[in-house]
Amino acid sequence: MKRNSLSSFSVSLWLLFTAVMLQAVESAKGKYAHMLFNELFEDYSNALRPVEDTDQVLNVTLQITLSQIKDMDERNQILSAYLWIRQSWYDAYLKWDKDKYDGLDSIRIPSNLVWRPDIVLYNKVDDDFSEPVNTNVVLRYDGKITWDAPAITKSSCVVDVSYFPFDSQQCNLTFGSWTYNGNQVDIVNSLDSGDLSDFVEDVEWEIHGMPAVKNVITYGCCSEPYPDVTFTLILKRKSSFYIFNLLLPCVLISFLAPLGFYLPADSGEKVSLGVTVLLALTVFQLMVAEIMPPSENVPLIGKYYIATMTMITASTALTIIIMNLHHCGSEAKPVPQWARVVILDYMSKIFFVYDVGENCTSPKREKEEERKLEGDDGCERRHKEVRSHLSNNRNDDCDLKEKLNGNLHKSYGVHGENVRETVNCCSCYKMLIKNIEYIANCVRDHKANRAKGIEWKKVAKVMDRFFMWIFFIMVFFMSVLIIGKAA
C-alpha cells in the first residue's frame, strides 16, 4: 500500500512539473514574440514596397477559393459571390533568425501594420469602395507573409439569355494591382483554377469549373505591362424550376388553343376561349420580361411565348371568320361549286365530319337519308295525285251537274237555284287548289333555304376540324423545337 501511494504521488508531481514547464515555455514564447515584434517594426514602414533593390520585381501569389454564389442578377448583369482571397509575398525587411527567439518561426499580426499589395477586382460594380477586411496576416521567419481575407464581391457579368432557361454563363473575375505595373509587382497563379473544395451547392446554378488565366496587358497610356489574373466561372443553370413554373404551363395552355375549333359554334365560347388563353400567356410573358435584361437577345422561352401568342391570335381570327360562315342564313349566296367538291365532298370525309346535328359516334346511314328523300318525294307525288284527282273530280262533277241540269231543264223546265249551286261548287274547288299550291311552294322554298344554311354550317364545321388539326401539329412541332434547341 505504501509503495502504491508513493508511485501515485510521484506521477502527480511529474504532471505538475510538466504543466509548469509548458506554461513557462509559453510565457517564454510570448516574451520572445513581443521582443521580436518590437525589433521588427522599430524602423519599419508599410508605405513602401518591401524590396532591397527598387528595380527588383515583387512576386505576389494569388489564390481564390469560391465559397458560395449569393446571387446572379440577370437583369442588371451582376454576379454576387462569397470568396476567400489568399495573397502571399516576401517582405525583405521582416526576417529573423528563429534560433535567437527560442525557435519562434511565425507570428500573427494585424494586416495594416505591413505593406500589402493593392490587388483589387477590376470588374467590381459594388458601390462600397471601402478597404479590404482588416484580418491578421501570418508572418514567417523567412519574410513570407500570407494574408487570407474573406470578401463578398459584386462583379459585372455579360449574361447571354438566348437559351434561357437552358443557358450556361461564363463570368470573369479579374484581379490585378491598381497602381503597380508588372516591373514592380507581378502576380503569380497559385493554382491553374479557383479552389472549389469548400463550395456550397447553389439551388439555381451548377459549377462546371473555374479556370485561371494570367494576362499581361499594355494600355495605351503607359508603356509598362500590367499583369492580371482572370478567373472564369463556368455556370450551368438548373432548369427544373423554370420548366415546371414557366415552360410546362405555357405548353399546356397552348394546347387549349386548337380545342377552340372543336367547340360548337352555337355555344358562344369559341372567341372567349381564345382571348382567355391569350391573356394567360401574356401574364407568363410579363413574368419572363421581369427576369430577363432588356437586350436584343430574346430568350428561347420568350420566342416560344411570342410564337404561341401569334398562333392563338391567328386561331381567334380564324374562329371569327368561321363563325360568320356558320351563321350564314337563307339570304346568303349558295355554296360555290368548288367548295362543294373540295370541302363538302373530300375534306369532310378526310376529317370525318358528318352532317350538322348528327352524332359523331352514331352517324345516320346513307340509306336512311335516301329513305327520307324518297319519303319527301312520295309525299309530293301523293300531293300531285290528290290535286289531279280533285281536279278530275271537279271536272266530272261539273259535267255531271251540267248534264243533270240540262236533263232537268228539258224535262221540267227547272233551272235557277240548281244552276247557281253548281257554279258555286266549281269556284270552291278552284280556291282550294290555289291554296294548296301556295302552301306547297312555301314549304319548297323553306326547304331550299334551310338546305342552303345547313350547307354553310357544314362548311364551317369542316374548316373547324381542318384548322384544329393544323394548329395541333403546329403546337407539337413548336414544343419539340424548343426542347431540341435546348438540348
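Using N, Cα and C of the backbone, Cβ positions are placed for all residues, glycine too.
Going by TrEMBL, these are the annotated features:
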type     : residues : note
DOMAIN   : 35-238   : domain 'Neurotransmitter-gated ion-channel ligand-binding'
DOMAIN   : 246-482  : domain 'Neurotransmitter-gated ion-channel transmembrane'
SIGNAL   : 1-27     : signal peptide
TRANSMEM : 241-264  : transmembrane segment
TRANSMEM : 271-292  : transmembrane segment
TRANSMEM : 304-325  : transmembrane segment
TRANSMEM : 466-484  : transmembrane segment
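By number of Cβ pairs under 8 Å, the transmembrane segment (304-325) is matched best by 271-292 from the list 241-264, 271-292, 466-484. Of the two recorded stretches, the transmembrane segment (271-292) lies close to the transmembrane segment (241-264), with three or more CB pairs under 8 Å once pairs fewer than 6 apart in sequence are set aside. Remote same-chain partners of the transmembrane segment (241-264), defined as residues 6 or more beyond its termini with a Cβ less than 8 Å from a stretch Cβ, comprise 164-165, 204, 270, 273-274, 277, 280-281, 284, 287-288, 301, 304-305, 308, 311-312, 315-316, 318-319, 322, 464-465, 467-469, 471-472, 475, 478-479, 482.
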